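Student: Shown below is the structure under consideration.
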Amino acid sequence: MLFKQQAWLRQKLLVLGSLAVGSLLYLVARVGSLDRLQPICPIEGRLGGGRSQAEFPLRALQFKRGLLHEFRKGNASKEQVRLHDLVQQLPKAIIIGVRKGGTRALLEMLNLHPAVVKASQEIHFFDNDENYGKGIEWYRKKMPFSYPQQITIEKSPAYFITEEVPERIYKMNSSIKLLIIVREPTTRAISDYTQVLEGKERKNKTYYKFEKLAIDPNTCEVNTKYKAVRTSIYTKHLERWLKYFPIEQFHVVDGDRLITEPLPELQLVEKFLNLPPRISQYNLYFNATRGFYCLRFNIIFNKCLAGSKGRIHPEVDPSVITKLRKFFHPFNQKFYQITGRTLNWP
Ligand code: A3P
């Protein structure tokens with residue numbers, strides 16, 4: 001009898017224990033996503049389509065993301081898309097560059113915002129003549145499905161340095177918002193070199209050392225014909241863009257800070273895009289193994305960027321680094337002056 005009572009008691013305790021653990025897990029999940037459940041922030045009028053702001057709370061957009069995801073995986077029917085008013089919209093903002101500045105990290109991090117939907121692939125519409133020749137409808141069809149009140153963002157870093165692009169983008173939308181993410185120019189050039197080097201190594205090809213490419217052996221001066229160097233002269237490229245767009249339509253993101261302290265950088269972008277602040281520290285966690293911040297969408301889904309982001313750079317002769325930094329210095333000063341954003345580059 002006593003044995004039976006003890007077994008019954010044990011069973012009861014087990015049930016109560018499971019209930020307690022379940023409740024605790026639920027609470028953790030709720031607290032984890034608390035900032036996503038804050039009182040609803042209406043999207044600013046600028047983002048709005050025909051409907052009133054109140055009809056489209058961000059929370060609803062966040063919730064509906066699940067359907068967008070299913071659609072992208074091919075699991076949602078055309079009927080569902082129609083019923084939910086999903087559309088393919090031209091981008092309201094473009095990350096135009098700079099290559100190796102952190103363009104992928106910026107796009108993925110902005111995509112944490114419930115009112116933002118990213119185009120996953122680099123579309124290369126404006127820099128590639130063949131693509132451009134296919135027309136604007138081709139471009140629109142490359143955009144992800146979104147709700148009319150969301151904004152679509154794409155990134156193609158080649159846009160920043162390609163001659164024809166500013167005029168072409170201007171013709172599509174003269175009031176578009178343009179994001180440029182930059183890193184200290186010498187570091188960016190080495191990162192650029194590292195990417196090309198990796199490609200060559202994969203194909204078993206030999207390649208020159210960075211020093212040999214960046215410094216002209218005849219003059220011992222910086223080799224301005226080397227593309228990785230040219231791309232880092234940010235002000236030269238920006239000046240071409242300014243023939244079409246006023247400086248107010250650009251926002252400079254500090255790519256070095258996005259690595260170490262992403263949240264404040266993202267908050268500045270939210271402001272520039274007139275989005276209510278919704279990306280929080282909860283969405284970004286430092287992953288010591290990767291050595292970078294990774295993304296947390298919710299209690300279940302998180303991700304780090306691919307291994308091709310955050311490569312180990314080769315050692316570069318310090319005298320070459322010094323020479324390059326000296327070379328970039330006046331261009332950097334001009335860039336700060338034009339953009340109104342001073343970055344602490346040497
Ligand atoms: P490195 O590979 O030189 O470290 P892009 O996406 O424009 O090609 O830029 C790649 C750079 O993004 C990487 O350069 C890396 O330093 C930077 N980056 C910024 N935030 C990152 C993050 N959270 N995870 C991985 N890489 C990040």
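Cβ coordinates are placed from backbone N, Cα and C, and glycine is handled just like the others.
It should be emphasised that the depicted structure is a prediction, and the values quoted were computed from it without experimental measurement.
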Student: Where TrEMBL annotates a disulfide for Cys294, which of Cys220, Cys304 is the other cysteine?
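Tutor: Candidates were Cys220, Cys304; TrEMBL matches Cys294 with Cys304.
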Student: Out of Arg104, Lys309, His313, which of these binding-site residues shows the lowest number of other CB atoms within 10 Å of its CB?
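Tutor: Selected from the binding-site residues Arg104, Lys309, His313 on minimum Cβ neighbours within 10 Å: His313.
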Student: Please report the DSSP secondary structure of Arg311 (3'-phosphoadenylyl sulfate binding site), reduced to three states.
Tutor: coil
Student: If you measure from the Cα of Arg311 (3'-phosphoadenylyl sulfate binding site), which of the recorded positions Lys100, Cys294, Cys304 is the nearest?
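Tutor: Going through Lys100, Cys294, Cys304 one by one, the Cα closest to that of Arg311 (3'-phosphoadenylyl sulfate binding site) is Lys100.
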Student: Measure between the Cα atoms of every pair in Lys100, Gly101, Gly102, Thr103, Arg104, Arg183, Ser191, Tyr293, Lys309, Gly310, Arg311, Ile312, His313, the residues the record assigns to 3'-phosphoadenylyl sulfate, and report the largest value in Å, rounded to a whole number.
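Tutor: 19 Å is the greatest Cα spacing among the residues binding 3'-phosphoadenylyl sulfate.
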